[in-house]
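> Can you read through this structure? Questions will come right after.
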Ligand SMILES: Nc1ncnc2c1ncn2[C@@H]1O[C@H](COP(=O)(O)OP(=O)(O)O)[C@@H](O)[C@H]1O
Ligand SMILES: Nc1ccn([C@@H]2O[C@H](COP(=O)(O)OP(=O)(O)O)[C@@H](O)[C@H]2O)c(=O)n1
Ligand SMILES: [Mg+2]
């Protein structure tokens, strides 16, 4: 269970900090592995709030923020935006939402993301959902996603795959060493993938006993 300390409240109220305890699940996997699709299902069945780092960054571009051009250029190149920017967006979204359970989709994507989130928010994930899928299948899905995204073209897709292998997989390996990774075969049809996801989110009898 993590804690967000509301910085604005701290300023407004001196030492009386408002603390909100939150549960976070990181949802990771290569581009096109089905993170967004499965998060929508999890929200419906398990009452989490879905925060997609990529969606928050794209909204920031649209809002005309001073970082917009930098973010847009990095996304076009498949590069990872500096943590400072992404973490601020995630923190704000968590503070603005009264829910205490969040799916953080597409974050952390590199070691810098991971370490900075932990030190800034003090939050560690309950577990990490990892959608495992072949590049061949992910490429097929991205090329037919049709959401008008500037990064869903073959040149940028290749760059994103390289970044995933070099920077994001090591984060998954890090959590794997801590026993936090729940790996899902994401190459199957959406419904079958969700059956496997459900099993991860449904408490088992032994969990119930441990909690009692
Ligand atoms: N299990 C699946 N089988 C086939 N297509 C899928 C599956 N899951 C998602 N898709 C499709 O693949 C594309 C990428 O899925 P998305 O959820 O946006 O992935 P991500 O967020 O990991 O990039 C979308 O067009 C989506 O409809
Ligand atoms: N933690 C993150 C997440 C996304 N991004 C950027 O946003 C792009 C799209 O991320 P996304 O999560 O929406 O992409 P998908 O994996 O869903 O296809 C990435 O390729 C990065 O350029 C980032 O810089 N840092
Ligand atoms: Mg996505």
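Any Cβ shown, glycine's included, is placed from N, Cα and C.
Because TrEMBL annotations are produced automatically, they should be read as predictions rather than curated entries.
Here TrEMBL flags 32, 33, 34, 35, 36, 37, 145, 188 as ATP binding site. Per TrEMBL, ribonucleoside 5'-phosphate binding site is recorded for 58, 79, 80, 81, 106, 107, 108, 109, 149, 160. If you look up TrEMBL, you'll see 113 marked as CMP binding site.
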> Rounded to an integer, what is the Cα-Cα distance in Å between residue 106 (ribonucleoside 5'-phosphate binding site) and residue 32 (ATP binding site)?
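The separation of the Cα atoms works out to 11 Å.
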> Could you tell me the maximum Cα-Cα distance in Å between the residues recorded as binding ribonucleoside 5'-phosphate, namely 58, 79, 80, 81, 106, 107, 108, 109, 149, 160, rounded to a whole number?
21
> Tell me the Cα distance separating residue 58 (ribonucleoside 5'-phosphate binding site) from residue 34 (ATP binding site), rounded to the nearest angstrom.
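Residue 34 (ATP binding site) and residue 58 (ribonucleoside 5'-phosphate binding site) have their Cα atoms 18 Å apart.
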> Going by DSSP, is residue 106 (ribonucleoside 5'-phosphate binding site) part of a helix, a strand, or coil?
coil
> Just the binding-site residues from 34, 80, 106 whose C-beta lies under 6 Å from any atom of ligand 2, please, or none if there are none.
80, 106
> Quick check: of the binding-site residues listed here (58, 80, 108, 113), which one has the Cα closest to that of residue 145 (ATP binding site)?
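Nearest candidate: 58.
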> By a 10 A CB contact count over all chains shown, which of the binding-site residues listed here is most packed: 35, 58, 145, 149, 188?
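The most densely surrounded of these binding-site residues is 35.
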> If the ATP binders are 32, 33, 34, 35, 36, 37, 145, 188 per the record, what's the largest distance between their Cα atoms, in Å?
17
> Give the number of CB atoms, excluding that of residue 34 (ATP binding site) itself, located within 10 Å of its CB.
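So the Cβ neighbour count for residue 34 (ATP binding site) comes to 24.
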> Under 6 Å from ligand 1 by Cβ, which binding-site residues from 80, 108, 149?
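None, as no Cβ falls under 6 Å.
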> Taking ligand 3 as the reference and 6 angstroms as the Cβ limit (strictly under), which binding-site residues among 33, 35, 36, 58, 80, 108 are close?
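From 33, 35, 36, 58, 80, 108, counting a Cβ under 6 Å from ligand 3 as near, the near ones are 35, 36.
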> Going by Cα-Cα distance, pick out whichever of the binding-site residues 32, 33, 35, 36 is nearest to residue 58 (ribonucleoside 5'-phosphate binding site).
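Checking each of 32, 33, 35, 36 against residue 58 (ribonucleoside 5'-phosphate binding site), the shortest Cα distance is to 36.
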